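As recorded in TrEMBL, the features of this protein are as follows:
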| type | residues | note |
| --- | --- | --- |
| COILED | 298-325 | coiled coil |
| DOMAIN | 334-561 | domain 'Histidine kinase' |
| DOMAIN | 581-697 | domain 'Response regulatory' |
| MOD_RES | Asp632 | 4-aspartylphosphate |
Amino acid sequence: MKPAARLRSGIVAGGLVLVAAFAGSAAWDGWRLHQQVLDLNAREMGNLARALAGEAARNLQAVDVLLRDTAIWYEALPRTADALAVNSSLDARAAGAPQVSVLAIVAADGQQTHRSRAAGRPLTDTSARAYFRRQREDAQAGLVIDGPLLARTEGQAAVVVSRRLARPDGGFDGVVAATVRLDALQQAYAAIALGAGSRLLLAQPDGSVLVQLPGDAAGQRMPDSLARLQGPAVQPWTDPADGRLQLAAVVPVGPLPLRLAITRERDTALQPWRQEMRSAAARVLAVGLLVALAATVLLRQLRQRDEAARERERLEQRLQQTARMEALGQLAGGIAHDFNNILSAILGFGDMAQQEAPPGSALRRHIDRVLEGGQRARLLVQGILDFSRSGVAEPLPVHVQSLLAELAALLAEAAPPGVQVQVRLQAGDSAVLGDATQIYRVAMNLCSNAIQAVADGGEGAGTVALTLERLELPQPRELSHGELRAGAHVCLTVQDDGPGIPPEVQARMFEPFFTTRRPGQGTGLGLAVAHGIVLGMGGAIDVQSAPGAGTRIAVWLPSPGHCAAPTPTPAAEPADGQGRCIMVVDDERALVELAEETLAGLGYEPVGYASAEHALEAFAAAPDRFDAVLSDETLPGLSGSVLAQRLRAQRPGLPVLLMSGQADAALAQRARVAGVHAVLPKPLARHTLAAALASALRKDARPSMPDTRRR
């Protein structure tokens with residue numbers, strides 16, 4: 001794994017670990033808080049239950065003390081005692097216990113004999129009451145609390161608390177009973193805040209509820225499942241009425257036959273924990289978002305840094321490639337320029353010799369072969385010059401569609417059997433700024449390679465599609481080889497269904513002198529020259545190919561506007577020079593002689609010089625002698641354009657023609673400044689020279705160099 005990828009993985013893993021650790025800590029704290037909340041509720045409910053049970057025990061034990069004391073007093077009382085006096089004594093005793101509404105003496109037959117607050121009310125027969133029967137039947141019953149009833153005295157809920165009366169011999173002698181109002185307990189408990197979702201039950205062993213808060217205890221019973229709970233600890237319990245899980249604390253009421261229970265809904269008890277968990281979840285989410293944001297920012301910065309590093313590396317590689325190509329181009333261009341001068345003499349004198357040799361003779365045949373080889377050498381030199389970017393002519397509007405229509409007709413005739421050429425030209429009158437010959441050369445090179453790839457394929461048959469269209473780019477676009485600005489472009493696409501190009505070949509296909517063909521079948525300059533031409537015109541190339549899937553190469557060239565298709569004109573016969581004197585300047589003596597021979601053949605009087613200094617001296621001696629000047633641009637000492645400036649400074653309006661094998665835009669600018677009429681390419685063609693001189697020597701002639709300044 002690369003260091004950048006490891007760093008990104010480390011950031012992501014670190015963020016996840018941090019969030020997981022925080023979430024784990026929050027979960028651990030949540031679990032502990034859960035237990036703490038349950039423990040807190042258990043302690044609170046247990047303490048409250050024991051406190052309330054103690055309060056109930058104290059109230060009822062006070063009643064028990066009253067009953068004991070009354071039983072002792074009554075057992076010692078003579079049976080002949082006055083009934084009113086006994087009742088008054090019971091009133092006095094009951095007044096000391098506010099919770100007791102009635103204090104009564106019941107005889108052994110169950111009939112009340114004495115009662116406090118007896119006025120106006122008949123005595124009651126209690127023989128059928130449960131507490132009476134138990135006291136009568138069980139000498140060890142002790143304190144008996146009867147079930148709840150509605151006291152007739154106050155019309156309120158009450159319970160009867162009783163103790164046995166015994167004869168001197170220990171036999172059953174009746175019951176002393178106290179009617180205890182439950183509202184006192186109810187009011188005392190109501191003043192206590194039990195908490196939300198909580199309930200209090202005070203019940204007898206049989207489940208009869210004496211007090212219930214909140215709610216009314218009348219007719220209520222403690223659920224058996226709650227009554228069966230044992231032990232002082234708070235325990236979970238499910239309420240059979242609604243199925244909700246509860247916490248329950250059930251404690252005995254002192255030594256009395258009562259139980260007090262406090263229940264609380266578990267969901268309510270855990271409400272503080274839930275609130276804290278929501279806060280904890282929000283904190284975990286916030287931390288997670290912050291970590292994610294920080295990781296995103298870091299990853300974006302790393303990605304931007306990586307992209308910047310890749311872009312820097314790509315630019316460095318491109319600069320290195322450009323520097324290597326420029327160095328190679330300068331070296332090759334210099335050699336090609338010198339060889340071009342030699343080749344100019346060979347082709348020039350060879351052309352003259354060809355015209356002199358008798359047709360059909362062996363000499364003519366030999367000269368023809370020499371010229372054929374020279375033409376191939378000229379094309380090779382031109383390719384080297386184009387690659388060095390010293391052969392880019394002054395950019396002019398080029399009607400691309402007519403140029404490719406001419407090429408398509410040639411390809412249709414020259415394509416080998418089995419290779420079908422499909423053409424779709426839809427660019428209309430779209431124009432590009434460049435050189436028509438170089439654009440033609442780019443298209444020819446791509447089409448030739450595509451046809452060759454299809455022909456060399458497994459079956460030797462296939463299709464080559466040539467497409468031209470005008471497209472508008474709304475924003476800049478990066479292609480496989482170069483970048484495009486936004487705007488209108490002409491897109492030339494050559495697509496074939498050949499064997500495709502392997503990736504390792506794609507990486508080097510535009511390098512100079514790189515070729516996959518056998519020795520002698522290619523120079524390796526075609527695609528390099530095409531690449532240089534396209535980049536020089538501000539365009540780019542996009543290559544899409546894979547082994548076995550064919551190849552698609554798209555050339556994008558900026559299209560600033562439209563132009564009309566060129567109209568072919570028949571070649572005119574060279575005009576006679578009429579003996580006009582032409583100054584010829586070239587540092588190659590052979591080329592001076594060639595130019596003199598050519599000019600003499602055109603009817604001019606040539607005068608040759610091998611240096612700019614000699615030419616200046618001759619012109620200064622007789623400035624009116626010369627009708628025009630033909631000079632090489634590359635001269636030792638003064639260049640041809642500087643020579644033109646000095647000559648025209650002495651004689652304004654003097655027609656000057658420059659020759660160069662490196663006709664680039666810089667030379668065109670220098671020539672324009674010097675007032676040069678035209679720049680002619682080397683090797684010099686006879687008809688080109690004749691037409692240029694005829695144009696320059698017209699009386700109304702103006703420099704034909706195009707103006708490329710921005711308007």
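Note that Cβ sites are derived from N, Cα and C of the backbone, with glycine treated the same way.
When pLDDT values are averaged over the domain 'Histidine kinase' (334-561), the model yields 81. Asp632 (4-aspartylphosphate) counts 26 other C-beta atoms within 10 Å of its own C-beta, drawing on all protein chains shown. In terms of DSSP secondary structure, the domain 'Response regulatory' (581-697) contains 55 helix, 24 strand, 38 coil.
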